[in-house]
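S.K.: Before I ask anything, let me first share the structure, which is written out below as structure tokens.
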Amino acid sequence: MAINVIINGINGKMGRVVKENITAQSDLELVSGTGRQDDLAKTIQTTHADVVIDFTTPQSVFHNAEIIIQSGARPVIGTTGLTLEQIALLDKQCRNKKLGAIVAPNFSVGAVLMMKYAKEAAHYFPDVEIIEMHHSQKIDAPSGTAIKTAQMIGEMRSSKKDEPFKDRARGEIKNGIPIHSIRLPGLFSHQSVIFGSNGETLTIRHDGMDRNCTMPGIFMACRKVMELDYLVYGLENLL
């Protein structure tokens, strides 16, 4: 039986690409798409949606996720902006409803592997900085992927305070790790995690050329979320 899917934010750039690609997935049925003016809860109920893919805005994503869960569907969220406290609240709601949810800063399998390998490298290299580069239309900075990478590396290190540099050109500190953000036309999605030690450096880099690089991860999440009864944060926890 096919999984009934709604795309919330279907008129956005990511929503349109998901719509174009989902028709090739025989086990995923696109039953509706919603935007700002639509009643999301009513749409979930009338279409009997199993999964709602959310690519909306940082300002609305938490409210959207609560609506999805309370309406009995499973959120697959690629929108950035959720805090760890909000993710914990959503997880509690999922467990109460016995519904799965997936929140992923990046659905690209290559980007997720970059984060995973960076976490492993942090065992051996205590000094690290992150450079993330995106197209000029990207709203948030640092990117959700860079913040998640810093969190994962931070798990492997003794805690460091996020004290800002006196020189702001040195970047923003997350989990004790400097992050440098670049926004330019001609770029899409690129991140380098650069480790340094005596006499050597190690760079782990991922380059996403267009939004299609996230499609396998998104569709995998739509299938995996049906097996869960709690929230999973990060696609790396599904690989």
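From the backbone N, Cα and C atoms, a Cβ is placed for every residue, glycine too.
The feature active site, proton donor/acceptor is assigned by Swiss-Prot to HIS134. According to Swiss-Prot, the feature active site, proton donor maps to LYS138. Residues annotated as NAD(+) binding site in Swiss-Prot, with sequence analysis given as evidence: GLY9, ILE10, ASN11, GLY12, LYS13, MET14, GLY78, THR79, THR80, ALA104, PRO105, ASN106, PHE107. Summarising the annotation, Swiss-Prot assigns (S)-2,3,4,5-tetrahydrodipicolinate binding site to HIS135, GLY144, THR145 and lists sequence analysis as the type of evidence.
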S.K.: Among the binding-site residues ASN11, THR80, THR145, whose Cβ has the fewest other Cβ atoms within 10 Å?
M.R.: ASN11
S.K.: Using CB atoms and a 10 A radius, I'd like the single residue among the recorded positions LYS13, HIS134, HIS135, LYS138 with the highest neighbour count.
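M.R.: Per the Cβ count, the most surrounded site is HIS134.
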S.K.: Identify, in sequence order, the residues in the chain of GLY144 ((S)-2,3,4,5-tetrahydrodipicolinate binding site) that are 6 or more apart from it along the sequence and have a CB within less than 8 Å of its CB; answer 'none' if there are none.
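M.R.: For GLY144 ((S)-2,3,4,5-tetrahydrodipicolinate binding site), the qualifying residues are THR80, GLY81, PRO105, ASN106.
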S.K.: Report, as a single number, how many Cβ atoms besides its own are within 10 Å of the Cβ of GLY78 (NAD(+) binding site).
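M.R.: Step by step: centre on the Cβ of GLY78 (NAD(+) binding site), count other Cβ atoms within 10 Å, giving 25.
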S.K.: What span in Å does the NAD(+) site cover, taken as the longest CA to CA distance among GLY9, ILE10, ASN11, GLY12, LYS13, MET14, GLY78, THR79, THR80, ALA104, PRO105, ASN106, PHE107?
M.R.: 20
S.K.: What is the interatomic distance between the Cα atoms of GLY78 (NAD(+) binding site) and the residue listed as 'active site, proton donor', given in whole Å?
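M.R.: Cα-Cα, rounded: 14 Å.
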S.K.: Just give me the nearest neighbour of HIS134 (active site, proton donor/acceptor) among the binding-site residues GLY9, LYS13, THR145, Cα to Cα.
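M.R.: Going through GLY9, LYS13, THR145 one by one, the closest to HIS134 (active site, proton donor/acceptor) is THR145.
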S.K.: When the Cα of PHE107 (NAD(+) binding site) is compared with the Cα of each of the recorded positions HIS135, LYS138, THR145, which one is closest?
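M.R.: The answer is THR145.
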S.K.: Check each residue in the chain of GLY9 (NAD(+) binding site) that is at least six apart in sequence and keep those whose C-beta is under 8 Å from its C-beta; list them in sequence order.
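M.R.: Looking at Cβ-Cβ distances below 8 Å from GLY9 (NAD(+) binding site), excluding near sequence neighbours, one finds GLY15, THR34, GLY35, ASP54, PHE55, THR56, THR79.
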S.K.: In whole Å, note down how far the CA of ASN11 (NAD(+) binding site) lies from the CA of HIS135 ((S)-2,3,4,5-tetrahydrodipicolinate binding site).
M.R.: 19
S.K.: When DSSP states are folded down to helix, strand and coil, where does ASN11 (NAD(+) binding site) land?
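M.R.: DSSP assigns ASN11 (NAD(+) binding site) to coil.
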S.K.: Note the Cβ centroid of HIS135, GLY144, THR145, the recorded (S)-2,3,4,5-tetrahydrodipicolinate site, then list each other residue of that chain whose Cβ lies within 8 Å of it, in sequence.
M.R.: THR80, PRO105, ASN106, GLU132, HIS134, LYS138, ASP140, SER143, ALA146, SER189, GLN191
S.K.: Within a 10 Å radius of its Cβ, which of these binding-site residues (PRO105, PHE107) has the fewest neighbouring Cβ atoms?
M.R.: PRO105
